[in-house]
Amino acid sequence: MSLSNKLSITDVDVKGKRVLIRVDFNVPLDENKNITNPQRIAGAIPTIKHALDNGAKAVILMSHLGRPNGAVNAKYSLKPVVPKLEELLGKPVTFAPDCVGPEVEAIVNKADNGAVILLENLRFHIEEEGSSKDKEGNKTKADKAKVEEFRKGLTALGDVYVNDAFGTAHRAHSSMVGVDLPQKAAGFLMKKELDYFAKALESPQRPFLAILGGAKVSDKIQLIDNLLDKVNTLIICGGMAFTFKKVLDNLAIGDSLFDKAGAETVPKLVEKAKAKNVKIVLPTDFITADKFDKDANTGLATDKDGIPDGWMGLDCGDESIKLYKEAIDEAKTILWNGPAGVFEFEKFAGGTKATLDAVVEGCKNGKIVIIGGGDTATVAAKYGVEDKLSHVSTGGGASLELLEGKELPGVTALSSK
C-alpha cells in the first residue's frame, strides 16, 4: 500500500457533480447536545469548501457519532452538528433524517447550486460496521445481502466519493470501503496524513528518530518491530522503559510498571536493533513517587541505585532528558508516539514537556516532526503547540496501525493516481 500515490480531491473534476464526502464529525457533546470541541468539524471545512468552490452540484456529508450499535438512538443524532457546520461554512445545511433510502435520495437529487446536506448517523444501521454488540457483549453479525444493499444505498447518493476521515481508516466499514464510485479520492485531511506518514515511512530524511512511550511493551511490539526496519535511533521512554531496563540491566524498578508478557520479547527486539544498526536510547534517571497520585511524594532515582521498593518511576529525570535532546538534535525526521511520563500529573509532566520543547525547537530549525495521534496529540494540544509541529495526526488507532506496517482498509479503497 503506497501512501503517496492516492487520488486526491484536487485531481478530480467535481463541476456539476454530487460529491459524497465521508467526514469525521464524531465530536464530543455535553448533556444539552452542545459541542464541547468542534475541532473535527473545523478540520473538514477546507475539503467541503474546495468542492463548493469548484462547482459541485451538491455536497453530501456522511459520518458516525459515538457507538449507537446499529440502532437508532436520539442521543447519537448528528443533528446538533448542523448549527456549528452552518456557522463555519457560512451557508445553510440541510439535515437528512437517515443516511440511505428513497427519502434521502429524493433530498439529494433535488439539491443543486452547491447545496450542503448532512446525513444522519451511519451507525444507526448495523450494516455500517457489519456487526453490533449488546450490553452483555454478545455480537450480532449483519446480513451480507443487507450490507450490500446499504452500500448500494450510499453509492446512489454521489457521483464522486471523497474520504476525509483518517481516524476511521483502519476500519473496513461500509462508508470507508463500500462506496462503489469510479473516482474515490482523499480529502485534504486524509491527504495530509498520508503525505506525512509517507515522509516518515517511505522516504524519511535521515537520521530518522522514533520516540516511543506509553505503558505496555506488549501493546507496542509490532510498532517497535516495524520501526526497527526504518529508523536510525529509537528512544524508548514512558512506563514501557522500566520493562526494558529490568530485562536488559537487571535494574531494581520498585513498584514501577512491569509488563511480564512484553518482557519476553525485549531481548529479541534488542537483537534486531543491533542487527539493523539502530541505536536504542533508554532513560537513566527517574522521578519517583510513593503512590500513583497527582499529590504523591516525589524522589529521584538513578541507574546506579535503582528504584526502592514501595516507590515507582512516573517520569524521567534531567540526565535522561539530555540524552533525548542529543538524539533529537541529531535527527532530521522525528516521529513521536507515546508520552515520556505520566504527563496528566503536573509533578510528572517534566520529561514529556522537555521532550516536546526540544521537538518544537527542532521543527523551527527545519526538522520534520510528526506526532502519531493518541496521548501524544493530547500533549501537543495541552501545551498549545499543534501549529508549531509539522504534523499532529488526528487518528489514534489508524496512525498506530499504519506505523505497525498494516494496510488501512480506508486507504486501500481509494483510487490510485
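Quick reminder: no glycine exception, Cβ is built from N, Cα and C everywhere.
Under the heading (2R)-3-phosphoglycerate binding site, Swiss-Prot lists V23, D24, F25, N26, Q39, R40, S63, H64, G66, R67, L122, R123, H170, R171, citing similarity to another entry as support. In the three-state DSSP assignment, the secondary structure recorded for V23 ((2R)-3-phosphoglycerate binding site) is coil.
Under DSSP, F343 (CDP binding site) is assigned to coil, being neither helix nor strand in the three-state scheme. Sequence annotations record features per position, and here Swiss-Prot assigns CDP binding site to G214, D219, G238, G338, A340, F343.
Residue environment of F343 (CDP binding site) contains 25 other Cβ atoms, counted within 10 Å of its Cβ in all protein chains. For G214, G238, F343, the entry in Swiss-Prot reads ADP binding site, with the evidence type similarity to another entry.
Per Swiss-Prot, the feature Mg(2+) binding site maps to A215, D219, D375. A C-beta separation below 8 Å, combined with a sequence spacing of at least six in one chain, links A215 (Mg(2+) binding site) to G238, G239, M240, L257, D259.
Classification of G239 (AMP binding site) by DSSP places it in coil, neither helical nor stranded. What Swiss-Prot lists as AMP binding site is A215, K216, K220, G239, G313, E344, and the listing cites similarity to another entry.
What Swiss-Prot lists as ATP binding site is A215, K220, G239, G313, E344, D375, T376, and the listing cites similarity to another entry.
Overall, the recorded AMP-binding residues A215, K216, K220, G239, G313, E344 cover a maximum inter-Cα distance of 21 Å. Annotation: K220, D375, T376 are the binding-site residues among F25, H170, K220, E344, D375, T376 whose CA atoms are within 10 angstroms of the CA of G214 (CDP binding site).
The most densely surrounded of the binding-site residues G214, G313, G338 is G313 (count of other Cβ atoms within 10 A of its Cβ).
Of all the binding-site residues given, namely V23, G313, E344, D375, T376, those whose Cα is no farther than the 10 Å limit from the Cα of G338 (CDP binding site) are D375, T376. DSSP assigns G66 ((2R)-3-phosphoglycerate binding site) to coil, not to a helix or a strand. Among the binding-site residues listed here, namely D219, F343, T376, T376 has its C-alpha nearest to that of G66 ((2R)-3-phosphoglycerate binding site). The least crowded of the binding-site residues Q39, S63, T376, judged by other CB atoms within 10 A of its own CB, is Q39.
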